[in-house]
Amino acid sequence: MDKKLYISDVTLRDGMHAIRHQYSIQNVQDIARALDEAKVDSIEVAHGDGLQGSSFNYGFGAHSDLEWIEAVADVVRHAKIATLLLPGIGTIHDLKAAYDAGARVVRVATHCTEADISKQHIEYARSLGMDTVGFLMMSHMTTPENLAVEAKKMESYGATCVYVVDSGGAMNMNDIRARFMALKATLDPATQTGMHAHHNLSLGVANSIVAVEEGCDRVDASLAGMGAGAGNAPLEVFIAAVERMGWHHGTDLYRLLDAADDIVRPLQDRPVRVDRETLALGYAGVYSSFLRHSEIAANKYGLKAVDILVELGKRRMVGGQEDMIVDVALDLKKREAHA
């Protein structure tokens with residue numbers, strides 16, 4: 001394959017979920033410096049739930065988004081700084097502030113059937129001259145054909161790249177292939193596509209490779225898989241795999257290996273891996289960032305986190321419904337009492 005893959009690192013955004021948004025300024029600078037030296041194309045920086053995600057519902061961050069972005073801007077020389085915005089959490093004013101702090105790429109994220117709420121934010125990002133990306137979360141919850149319709153909306157608002165986002169880590173290679181084929185058949189050939197995987201079924205790397213085989217241009221990954229649930233496609237693993245395939249990625253594998261093991265892994269207070277709870281996320285098709293919230297609720301109410309996660313999947317809960325985790329826990333407790 002001749003084309004150069006665009007490597008988009010998400011350690012400093014999705015990775016926030018893995019440590020409940022508690023990166024220090026020193027942490028983000030150490031990680032960003034290592035990524036920059038390894039020559040990734042972009043480094044996404046924000047609270048795990050995007051600009052202004054720091055809240056009672058999602059969890060408060062150790063710092064503000066702008067403090068993290070400015071800290072990364074101070075040390076990065078090669079990579080573009082990206083950020084994430086969920087309409088309804090972040091506003092265009094927050095986006096302007098992030099731009100002023102150094103962000104030049106924005107991924108505007110909606111649930112996979114709600115692209116229409118991204119119009120204002122995508123149009124505003126384009127007016128700022130930002131690299132503007134549409135990000136369709138929980139892409140497993142709609143059909144490939146319907147996903148393509150939503151992607152087309154984002155394209156019409158001005159997105160120059162649209163992502164298939166497997167937020168639940170619930171898709172297999174056939175699911176990914178079908179969605180990229182649908183997007184490629186619907187979008188303008190000039191519009192890029194991207195893949196954001198989660199590793200809950202251990203398919204993060206495989207799914208990303210299949211996406212590229214179907215014409216995907218940009219791939220999200222994180223050092224040591226640092227991300228919600230069982231994490232994202234581990235960056236160093238993905239790079240090693242595609243290098244063996246002879247694909248052009250432009251990054252330094254050995255620097256990534258060192259950064260993953262020496263800088264990122266020691267920060268994990270809960271191992272980012274496939275285990276009983278994170279496997280349940282992928283099996284039940286649940287939003288990966290529900291993991292830590294569900295574990296807290298399970299401890300509080302004397303339940304199993306797996307039971308909470310499976311019930312959330314049955315109820316088809318989506319990102320933004322974190323408050324329902326406690327409701328589900330209380331319902332399970334009631335059911336237990338009546339059993």
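Glycine residues also receive a Cβ, built from the backbone N, Cα and C atoms like all the rest.
Checking the candidates Asp9, Asp14, Asp30 against Swiss-Prot: the one annotated together with His196, His198 at the Mn(2+) site is Asp14. For the substrate site, Swiss-Prot gives Arg13, Asp14, His196, Tyr287; the one candidate out of Ser24, Ser42, Ser167, Ser208 that the record lists there too is Ser167.
Reported as a whole number, the C-alpha separation between Ser167 (substrate binding site) and His198 (Mn(2+) binding site) equals 6 Å. Note: the Mn(2+) site is recorded as Asp14, His196, His198; in the same chain, Val10, Val165, Asp166, Ser167, Gly169, Ala197, Asp220, Ser222, Gly227, Ala228, Gly231, Asn232, Ala233, Ser288 also have Cβ atoms within 8 Å of that site's Cβ centroid. Across the structure, Asp14 (substrate binding site) and His198 (Mn(2+) binding site) place their CA atoms 10 angstrom apart. Residues near Arg13 (substrate binding site) in space but far in sequence (CB under 8 A, at least 6 apart, same chain), listed by position: Glu44, Val45, Ala46, His47, Gly48, Gly50, Ala82, Thr83, Leu84. Cβ contacts within 10 Å of His198 (Mn(2+) binding site), excluding its own Cβ and spanning all protein chains shown: 31.
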